[in-house]
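These notes are about the structure you will find just below.
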Amino acid sequence: MGLLGMVGDSFGCSATGERLVSAARDGDIQEAMALLELNPRLARYSTFGIRNSPLHYSAAKGHHEIVSLLIESGVDINLRNCRGQTALMQACLYGHWKVVQILVLFKANIHKKDCFSGATAIHFAALKGHTRCLRLLVADYVPSLPEFWSVMHAKCTDETNKEAFDAVALRRLINNKSDGGVTPLHLAALHGHAECVQLLLDLGASVSEVTINDGSTIDLIGSGSTPLHYAACGGSAVCCQLLVAAGANMRAQNTNGLTPLMVARSWHKSSVEGILTKRSEVPVRILPSSYLSLPLMSIVKIARECGWRKTSVSSVCHDPCAICLDTECTVSAEGCGHEFCTKCALYLCATASSSTSIRGVPGSIPCPLCRHTIVSFVRLTSTTPIKELPWTNKSLALCAAGASTGSKYAGPAAITSSKYAGSLHRRSEMRSLRSSSVDLGCSSFRTASSGKLSSIKLNCTGADETMPCLVNCFRPDVQRSSSYRERIRRYSQFS
């Protein structure tokens, strides 16, 4: 009976975890809230086989509200599935820029690589040509400086501006190679994503990087190929023109002795043969990408320091945001001085195209009110930084099941249990949550509340590691029950 009891508990937790997975996949925010209120450790649940967590499913489907809810519930933002892919990679693969924006604000790791191809999130964004996702990924590396484009293209003579940011780190990030030496520029050029190629070139992508034969990939074009070889194979005339204008060598040969022109002929891409035959006598002018967004770094920093959620206008003395007309202004644009809320400013930086602005600084975005160019945002003096990030103690608030009512921050998961009790049909568990003792689900720990906090490790279903979680405890000498030890002893006899 001990073994059967443990199996029953496992199936019970799996069933509840599958409900959270379904809610994350379908975008049912209320169901996800209620399930996480009952058991916050379900955020780390993963399905069998592919081991996709609810965070992976919600990111792949573009449900940014559920992504934010899961992160605030204490889930590891860099959790991997069986392929080694994170939620950020999935969001970039399917082009959900709102999810990418939330993950970047929560400081997701953009340097992680998947286990099968060694690709990063930038590789996935370049593969599908999701330029908005790409510029959000480099938000912490592209400074809000008017001289950025000139410095990256070696047209700036002021040494002070060159030292204002780390251009080497940005180039290293953009030219990061996956298995086989493939860079994001290779992938964007192969699939004909011209806007993505132009943005990568503005960010310092190298046109001379070549692929290698490391035995991990099958390169049909041939190792030693440059991005121009890949563009010739893909047959994109615009990508070939951009690469040639950026200084790509049209006579470069790969290990098979093929030039880009030979590659184009072998793949029957006659549309690019004229571009690759001879260099044009009239040099092509390199224009800045319309997806380059300089103010993005400044507004991301402000959002992390002061929050980006809606804050209703507290009094008539504060003017609402001119865009949403619902939220108090928190930032102002340098130059024109127009004020916006942080959420609207983030939306402008993520979606605005610099091609619609007047002639000015490359990478600036137009002000929606006066069309003046915006290079950076500054925080208003009335905007105060938040004392505590909303995701730092959310696991404590959830495990306490409403014990943190005195907290200044109340996340979306901190809701009353009775609101969604009818949809869950778990009234017995709801009563236990309302009481002072907290049932930890699959674990046999029993806790109560006291003035001090005890740190214990909870083994999460579907996770490959333990996650420390703080819970309120009546007694400092919390121990496992004798029935639990008896079940473990009986279970060991079967193994």
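In case you wondered, yes, glycine gets a Cβ from its N, Cα and C as well.
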Completion exercise
Of 117-167, 219-269, 321-371, the range Swiss-Prot tags as zinc finger is 321-371
Fill in the blank from the handout: Counting Cβ pairs closer than 8 Å to the repeat 'ANK 4' (180-209), the top stretch among 50-79, 83-112, 117-147, 223-252 is 223-252
Exercise for the section: With DSSP as the yardstick, break the repeat 'ANK 5' (223-252) down into helix, strand and coil residue counts. Expected result: 17 helix, 0 strand, 13 coil
